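TrEMBL annotations:
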type	residues	note
TRANSMEM	28-53	transmembrane segment
DOMAIN	44-293	domain 'G-protein coupled receptors family 1 profile'
TRANSMEM	104-123	transmembrane segment
TRANSMEM	144-167	transmembrane segment
TRANSMEM	200-229	transmembrane segment
TRANSMEM	241-263	transmembrane segment
TRANSMEM	275-295	transmembrane segment
Amino acid sequence: SSFQDMTNLTAVLEFRLLGFSSNARCQILLFTVVLVIYTLTILGNIIIISVVTLEPRLHLPMYKFLKNLSFLEVCYTTTVIPKMLANLLAKRKSISFSGCMAQLYYFISLGATECYLLAVMAYDRYLAVCEPLHYGVVMTAESYTCLAVGCWVTGVFTGFLPCLMVSRLHFCSDNLINHFFCDISPLLKLSCSDTTVTEAVIFILSFLVLASCFLLTLVSYLLIILSILKIPSASGKRITFSTCSSHLMVVTIYYGTMISMYVRPTYNLSSELNKAVSVLYTIVTPLLNPVIYSLRNKAFKKALEKIVIRH
């Protein structure tokens, strides 16, 4: 039986990604739109990283976290989009088994890291708005470093278990993935082994990661809003609220789509809906992040102007 298992496991050496549409014109249009969004995302995030690095006045925890988030978005979109673009133009839209597992691993790890980072950024804002006198004592350079490194390291480990479990499943003869990248749900649908345990483990892990980060973020923002309401001046309220509302917008879109995708006991959402929701958090949110976090921020805009004038 172990020999049989071995032949079964090697039956699928590559997967075919169905992507969006088989219409050639449609694919070229999609290719163009996605390429433009991807280019803007990379450029936007590189600008944020550069401005925060070059401008000493932005060497504060809030902007350093933003720099981490921007670097993360570059890695996160690069995990999915270049392969997707290549497949939109290719006749044979395929990905090797190992390539598929690598994509799945990076996608889960970076997605989890993003959750941790957004939670830590919300906590940083909470300290700045609600505990301004203690902020300098609590959010030191050391504690910033610990939190940032903690987010990345925990993210790296979060990806191991789901990826290991999916890679141990049997994929027999059918190798058509009805998606534009190697995501958990289409892979579980494709497997010819019993996926009950894998689904349960992934559900529990997704629930723990998403729920804990989302709650932490939500509580931080609720406390911030309550604190803002106590500010006597209207302009003070407006300034504080505008920065927080933009963060809250990113967080809501990101968690809304993530929770709808991964915190479900069964993975039987229609493939088309699955793809549509995935587009939101793999392509749209990474573009919105730099726009919302930087362009809604006066200090950042001033720093950008200064650098442009200087160079």
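Cβ atoms here come from the backbone N, Cα and C positions, even for glycine.
When pLDDT is averaged over the domain 'G-protein coupled receptors family 1 profile' (44-293), the result is 87. A Cβ distance under 8 Å defines the sequence-distant neighbours of the transmembrane segment (28-53), meaning residues of its chain 6+ beyond its ends; these are 20-21, 59, 63-64, 66-67, 70-71, 73-74, 77-78, 81-82, 84-85, 88-89, 283-284, 286-287, 289-291, 293-294, 300, 303-304, 307.
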